[in-house]
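Colleague: Dumping what Swiss-Prot says about this protein:
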type	residues	note
BINDING	ASP507, ASP511	Mg(2+) 2 binding site
BINDING	ASP507, ASP511	Mg(2+) 1 binding site
MOTIF	507-511	motif 'DDXXD motif'
TRANSMEM	606-622	transmembrane segment
BINDING	ASN651, THR655, GLU659	Mg(2+) 3 binding site
Amino acid sequence: IDESQTSLDTGVQRFTSSKIASSVQCFEDTKARIVKLIHKPELSVSTYDTAWVAMVPSPNSSNEPCFPDCLAWLLENQCCDGSWACPHHHPFLKKDVLSSTLACILALKKWGVGEEQINKGARFIEVNFASATEKSQISPTGFDIIFPAMLDYARDLFLDLRLEPTTFDNLIFRRDLELKRCYESHREAYLAYIAEGMGKLQDWESVMKYQRKNGSLFNSPSTTAAAFIALPNSGCLSYLHSALKKFGNAVPAAYPLDVYSRLRTVDNLESLGISRYFQKEIQQVLDETYRWWLQGSEEIFLDASTCALAFRTLRMNGYNVTSDAITKLLPDSFCGNMKDIGTTLELYRASEFILYPDEKDLEQQNLRLKDILEQELSSGFIHSEVNRALNYPFYAIMDRVAKRRNIEHYNFDNTRILKTSYCSPNFANKDFLFLSVEDFNNCQAMHREELKGKMRWVTENRLDELKFARSKSAYCYFSAAATFFAPDLSDARMSWAKNGVLTTVVDDFFDVGGSEEELKQLIRLVEIWDLDAITECSSQNVQIIFSSLKRTISEIGDKGFKLQGRSVTNHIIEIWLDLLYSMMKEAEWARDNHAPPMDDYISNAYVSFALGPIVLPCLYLVGPKLSEEMVRHSECHTLFRLMSTCGRLLNDIQTCERELKDGKLNAIPLYMINSGGETSKEAATQEMKSLIDRQRQELLRLVLTREGSLLPKPCKELFWHMSTVLHLFYCKDDGFTSQDLIKVVNEVIHEPVVLN
């Protein structure tokens, strides 16, 4: 029996080891595919655009095609049903398929080839013609103008299409209505973009003013081809040759698109929480993008989505980019239409990154875009994305919470719509999702083990015996795990969480648990820093609190010493003493019924809010080596002050009524008192909210700015992480009591991501 059991155990071990090895290899293979995508973006070809390129006549003879290989490609790529649908064809993209199919048979008919394919294509259009006016179908950009124009061209080529008259009349009515709207709103750029749909109405000389340095019109092969057909131009021809040289015998819907594709990949990796696996590749993309930004690259600045994405990505990664380019991108100037919610959403996200007081235009744009998104919530997969962007601004959602929501709502359908549909695995794909789910669940398993250790620490230090103290151990750990989650930051998480518990205990001790003498005893013990100084006159509560402080601070100090190569314990003690002194001052103000001047209150309250012991010791544990000069520098203190002031005021707004009843100091009534009673509660609250906005804006600027900064980025990010924690905790109730928060804690720590 023993031998059989041993054999069974060995077999299980081999199976388990093999399974782990296979999983690791799968993980590595996925990473390798993503790296390849970053270096070499992929983009689908477009039958619609290829058809228009195929219509281009040779510069040497108008009776011969300039690109016969495109014609051959069309002949070889017709679908069995007679259409020229793309592989990513969606049932709601029938208008796109109709448009592409009609363009293809026009190209074949023009050059007198492929009669069989033309007949099959014509039959498909006739059978599916009703879809051209169905409201449930997604309309490609300019469809209502371009499709009727191509039908006119089909008639000129004597292409016999038996179309249902009512649907045809409806199409013509829509075209005329759309053209009228465009002319009335002076949408010249939009009409130039869909120039192939304007026919004889088009002023091609005016269209050519939109020609780019690469010879194209709007980086669109179809627009450029139509322009060359109407008005031969060497730049247009050179552009078409370059597109075919890159893609073979067919062209994409937009080219070049490398900048956008790479940035979209980076955005995917960052939003799903897996960017740390690709730091080298991402840095290369960011540096290249910044170089193109400084050079005024048309690929960035002449496309609203690319410009917005580049601005947001560069600014959030510390690059010095001004907002001028973004504020010039007004919603009604998009080269498309205002139903392009994707571009609107991209611009809205970019406009949230306001760093300077003089960026009023960016503020105004943010408000305008928010109104547009609220009024025109789109249907389909992007609907939930818009809701999340509006309900959870980037400064009010913790990193891991955002990552989980992004994973759960991730749509790996990478189809996008311009004048036709196109797709790219750089926009979205299953590899991104697989890697993010694996990583999230692996990190979460580690977090659960850390939380168990944290709960043991509470018991070992007898903190559970303090009846006056709120039990917030899980929440304190959650705020750490939800902000800096990587496996190598375990020591920083535990320091954050343990000090979070201790500050809660001390805060409750000063509020309700301790007498004046006990408070003074605790401060004296921390000043002396000697366990032997705990005498019989010290209460049990004081003994438990000080012993816990002594052990925990010493433990964190030891870990800090190993990472920093110097002693940091005295600095951590000093941080705690600053907190205790500020709490004592508040206790004295309350005891004396004293209402201090607002400035005095704020200068003490941002310290007494108790974030110092939570955040500042973590600076030593997140990786970079810090000199004494760095941690004592005004930059570090300013970051701490801004973060803590935001937190204190957020708390005061939410707890005003309760703290008034409890006789505690609060910024709202103090502001009213200091104004001589001339300010209402509503006005005082609004002023505090405005102050929070200004402080948060300055905090973000300091965190993101690299030039002239002494603190390393991982250290500065701790202050921003805590700011997001505070905005979530105090967004509704007084933080800890919110049922929403309980749900979020479970999602981050206890419930693995399971995909259907």
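Don't overthink the numbers, they just go from 1 along the chain as shown.
Cβ atoms here come from the backbone N, Cα and C positions, even for glycine.
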Colleague: At a 10 Å cut-off from the C-beta of ASP511 (Mg(2+) 2 binding site), count the other C-beta atoms across all protein chains.
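Modeller: The Cβ of ASP511 (Mg(2+) 2 binding site) has 15 Cβ neighbours within 10 Å.
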Colleague: When you scan the chain for residues with a C-beta under 8 Å from the motif 'DDXXD motif' (507-511), skipping those not six or more beyond its ends, what do you find?
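Modeller: Same-chain contacts beyond the ends: 466, 468-470, 518-519, 522, 541, 545, 583-584, 586-587, 610, 664.
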Colleague: Sequence-remote contacts (6 or more beyond its ends) of the transmembrane segment (606-622), Cβ cut-off under 8 Å?
Modeller: 484, 489, 491-492, 495-496, 499-500, 502-504, 506-507, 556, 559-560, 563-564, 568, 571-572, 575-576, 578-579, 582-583, 585-586, 631, 636, 640-641, 643-645, 647-648, 651, 711, 714-715, 718-719, 722
Colleague: Please report the distance from the Cα of THR655 (Mg(2+) 3 binding site) to the Cα of ASP511 (Mg(2+) 2 binding site), rounded to the nearest angstrom.
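Modeller: Their Cα atoms are separated by 15 Å.
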Colleague: To the nearest whole angstrom, state the Cα distance for the pair ASP507 (Mg(2+) 2 binding site) and ASN651 (Mg(2+) 3 binding site).
Modeller: 14
Colleague: Can you give me the Cα-Cα distance between ASN651 (Mg(2+) 3 binding site) and ASP511 (Mg(2+) 2 binding site) in Å, rounded to a whole number?
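Modeller: ASN651 (Mg(2+) 3 binding site) to ASP511 (Mg(2+) 2 binding site), Cα-Cα distance: 16 Å.
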Colleague: In sequence order, which residues at least six apart in the same chain have a CB under 8 Å from the CB of GLU659 (Mg(2+) 3 binding site)?
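Modeller: The list for GLU659 (Mg(2+) 3 binding site) reads ASP652, LEU665, ASN666, given in order along the sequence.
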Colleague: Starting from the Cβ of ASP507 (Mg(2+) 2 binding site), draw a 10 Å sphere and report how many other Cβ atoms land inside it.
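Modeller: The answer is 18.
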Colleague: Is it possible to list how many residues within the motif 'DDXXD motif' (507-511) are helical, extended or coil according to DSSP?
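Modeller: Tallying H, G and I as helix, E and B as strand, the rest coil: 5 helix, 0 strand, 0 coil.
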